[in-house]
Amino acid sequence: MSLALFRLFHSSRSVRNVVWNLVGGLTAGVLIVLATPQYVHRLGLEGYGIVGLWLMMQVLMGLLDMGMGATIVKEFADSREEGGAETKQDLLRTLEIIYGSLALALALVLACAAGGVAARWLKAPVSSPAHIAWAIRLMALTLGFQFPTVLYANGIAGLQAHGRMNLIQIAGNCLRYGAGVAILLVRPDLVWFFAVQALVAGVQMMATREVLWSLLRRGSSCRPTFKLALFKRLWRFSAGMALTAFSGVLVANADRIALSKLMPTAELGKYAVAYTATGLLQMGIQPFYKAFFPRYAELVSLRAFDALRNEYLRSCGLMAGVIIPLGVAGWIFAPQLFTIWLGTADPTIVRVFRWLILSITCSGLMWLPAAFQQANGKPGLHATMIILALLAGVPVMVWAIRVYGTVGATAVWLIHGLSGISVEIWLMHRLMLKGDMLRWYWRALIQPLCATLPILLGSRWLLPAGCGRLATLGWIGLAGLVGAGCSVGLALVGPTRKPAADPS
């Protein structure tokens, strides 16, 4: 297994990057698990619905990214980049000015629209529209700080300094959730809650910016300048990534946008709780994308295509070995998990969670295939598939909400996930990786399912009745670890193609 691990990562840096990303994701997940019950208890479902709106807006900020975040990752990872630190500094200065302008515009527009959103869009019978409007204005300030932070974090990821990036994010998350809970314990008020969030977001933005600039300035005395020509050189790739981000953000938020209009705020709160619970799964997906997208881009820049193919197949198997056990465990043990977490298992929340975790597991398996396409400078296929899923899924979702209620909002996620692992995988391997589609299905789907399902189904059947919360959590955790261990072990020892010699 040690030899397989070495062949998979090729370097200790990749090992450190994945581990750091997993640690960062796990820390954020634990903080969410600990903080969410306090948010719900102190604010109520109506108040937490507003917090859910803030979480949705964080994702919607991706609409303003225009592909620049992914572009900076790819460019900073390019080992052939001519001009070295000077070019990277000029690119960062150019993009941060663009990002700063967009962040200011975002904050001003949302702040100006706060009164109308509170009075005419949201259905909140308990809180006054004026009070919610002030909370939304502070939410706008928070988002204005969070938006450029994403650019700086992507730059650090492109330089593959994931340790520093995750340390900053861990510190920021500890402050965000810790201070959020603390202020709610003293004063359960949305306005005070978002005031604290704005302060933390501002501090994190400045810290992330300082770390990235210090990495770029090592051994360089040049003065960075704004050069629009750099952006023009990269606009095609940025446009493709912008289309991907735009369509992806719409798919990821269409459910809550529709619910906020068609259902009471309390139902949006239930959906937000279920969606928040899937964050642990999503945090198991993102570490692999963050580590392997720059790694794929580096191998593409070196024209090491055989090494890239092996890296792609093994990394897909490794990621599946982590997220499929999480998804299967979440589906099987959903009532027990919510009882442990919140003290009760609301039937609507459990149903929504099960369909979401199935859909997000399927769509999560597509993150590394998408990274492979993007590293090769071809983001169009993935973007097109997301758009088609959105066009097909939104009408079905609206109908399903009217017929089945809150759980119907998961329809757009389900269509997106299933179309990805079927149609998109077939098209991608037909166009870019001929002869490897069955290998992908075996490594990323069949093998981890065969290793995981018997263990987790057996553990559910053998779960003793009347166990306390901690004992049940330990049982589920142990079963999940055994399933994940078997899946990851099989991914590491699988065969690979013998790579041809890389070009000198």
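Placement of Cβ uses the backbone N, Cα and C atoms for every residue, glycine included.
In TrEMBL this protein carries:
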- 20-41: transmembrane segment (TRANSMEM)
- 47-64: transmembrane segment (TRANSMEM)
- 97-122: transmembrane segment (TRANSMEM)
- 134-155: transmembrane segment (TRANSMEM)
- 167-186: transmembrane segment (TRANSMEM)
- 234-252: transmembrane segment (TRANSMEM)
- 272-292: transmembrane segment (TRANSMEM)
- 312-333: transmembrane segment (TRANSMEM)
- 353-372: transmembrane segment (TRANSMEM)
- 384-404: transmembrane segment (TRANSMEM)
- 410-428: transmembrane segment (TRANSMEM)
- 440-463: transmembrane segment (TRANSMEM)
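Same-chain neighbours of the transmembrane segment (384-404): 243-244, 247-248, 250-251, 254-255, 258-259, 262-263, 410-416, 419-420, 423-424, 427, counting only residues six or more beyond its ends whose CB sits under 8 Å from a CB of the stretch. Among residues of the same chain six or more beyond the transmembrane segment (47-64), those with a C-beta under 8 A of the stretch's C-beta atoms are 39-40, 102, 106, 110, 122, 124, 127, 132, 135-136, 139, 142-143, 146-147, 150, 188, 190, 193-194, 197, 245-246, 248-249, 252-253, 256-257, 260, 265-266, 268-269, 271-273, 275-276. Only residues 6 or more beyond the boundaries of the transmembrane segment (97-122), in the same chain, are considered here, and those with a CB under 8 A from a CB of the stretch are 49-50, 53, 57, 61, 64, 68, 129-130, 132-134, 136-137, 139-141, 143-145, 147-148, 151, 226, 231, 260-261, 265. The transmembrane segment (272-292) is in contact with the transmembrane segment (312-333), judged by 3+ CB-CB distances under 8 Å for residue pairs 6 or more apart in sequence. Beyond the transmembrane segment (312-333), the same-chain residues lying 6 or more positions past its ends with a Cβ under 8 Å from any Cβ of the stretch are 4, 7-8, 277-278, 280-281, 284-285, 288, 292, 296, 353-354, 357-358, 360-361, 364-365, 367-369, 372, 433, 436, 439-440, 443-445, 447-449, 451-453, 456-457, 460, 476, 479-480, 483-484, 487-492, 494, 496.
With a threshold of 8 Å between CB atoms, the same-chain residues lying at least 6 positions outside the transmembrane segment (20-41) that come near it are 47-48, 51, 162-163, 165-166, 169-170, 173-174, 176-178, 180-181, 184-185, 269, 273, 276, 279-280, 283-284, 286-288, 290-291, 341-343.
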